[in-house]
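A.B. asks: Once you've had a glance at the structure underneath, I'll fire off some questions.
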Amino acid sequence: MALLLTALDALTAPTSSIITGFLLALLSAVFNGTYSVLAKDGFKPSDVDDTVFNLWACLGLSTSGLVIAALHGPLVWQPLGLISGMLLSTTIAWAFVTVSFLGASVGTGVKCGTESLMSFCFGLFFDPNGGNLRNMPLALSALGLLLASIGGIAYAGRPSDMEDDEVAGLLGNKENNKKLWHFAAGLFFSVIAGSTGGLILAPMQFVPESARGIAYLPSLIAGVLIGAPVVAILPHLYRRERIELKPKTAALPGVAAGLCWNASTVLKMFAIGYLGYGLAYPIVQSSLFVSGLWGIFMFDEMKGKRNRTIFWISGAVLVVAATLLTLSK
């Protein structure tokens, strides 16, 4: 019934508004599915550290975000935006690391699923503007589908080229173990990225309505400018290495990644205004298909037709689950 009502609300709007909202949400998905792909070695030089690349990306999104906020209207300051910004700078860094470990397709897929789960849990238990579930069976079904989709995406990206222990020998076994640890680490990083990503806008729910949306950007950007250098400095201090910014090779793809993230976020805000959250959010979540297209067709990720089929089916299930979670509230 909730799905029917949401669809009817959209259908009663002018056709031009529906088309505009759909195109905005689709463009948001394209940019959202592209920003982390720019951290692949085909775009980012392999000698550029992921945290340094994140620094350039945060510079790109901060600069463009301030321009958008200034054009939008009066600047609003909300201290809680600092938390959102620091979560954002951390999320993007983990997203880049995830791509290095799992690839664009699987890494983004697991991250998207975890984001949906974390966002739903926050809305259910902590959102001051939220309420009780309207449909518990629907929510439980959606959670089951969401977990299954995350598992399916992870399964599709598992190391499939390992040799049998008896055939591989000692060196082969070490290589197999290395691949497994690499895969497990990638899954861990993608879950961390999704967990922080699902909470980026959580602090915004505690600020006045007039300070939300694009008006929230300046405060968020201040948090990004605080968090991004810290994210870059800490691992270098731990490794006792000097930070190399490599502006000639890292600045262009890094700033482009930040611009893509910002474009996705702003387009999503406008799409929600045209379509409503219930219809716009699932379209934006289809960004995992964009990352999948990048990863599979440009970088030849996920060998084998069977694994790729599992990925596409699991991705579709994830979008359905995200839709059902939205409608159950």
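Any Cβ shown, glycine's included, is placed from N, Cα and C.
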A.B. asks: Transmembrane segment per TrEMBL: which of the ranges 32-50, 279-297 is that?
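C.D. replies: Checking TrEMBL against the ranges 32-50, 279-297, the transmembrane segment one is 279-297.
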A.B. asks: Mind checking which residues of the chain, 6+ beyond the ends of the transmembrane segment (138-156), have their Cβ under 8 Å from one of its Cβ atoms?
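C.D. replies: Non-local partners: 2, 106, 109-110, 113-114, 116-117, 120, 187, 288, 302, 307-308, 310-311, 313-315, 317-318, 320-325, 327-329.
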A.B. asks: Given pairs 6 or more apart, does the transmembrane segment (250-273) have at least three Cβ pairs under 8 Å with the transmembrane segment (51-71)?
C.D. replies: yes
A.B. asks: Who are the long-range neighbours of the transmembrane segment (180-202) in its own chain, taking Cβ under 8 Å and residues 6 or more past its ends?
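C.D. replies: Contacts with the transmembrane segment (180-202): 84, 87-88, 90-91, 94-95, 97-98, 101-102, 106-107, 110-119, 121-122, 126-127, 154, 157-159, 162.
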A.B. asks: Thinking of Cβ pairs under 8 Å, which stretch from 77-97, 214-238, 309-327 has the most of them with the transmembrane segment (51-71)?
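C.D. replies: Comparing 77-97, 214-238, 309-327: 214-238 has the most Cβ pairs near the transmembrane segment (51-71).
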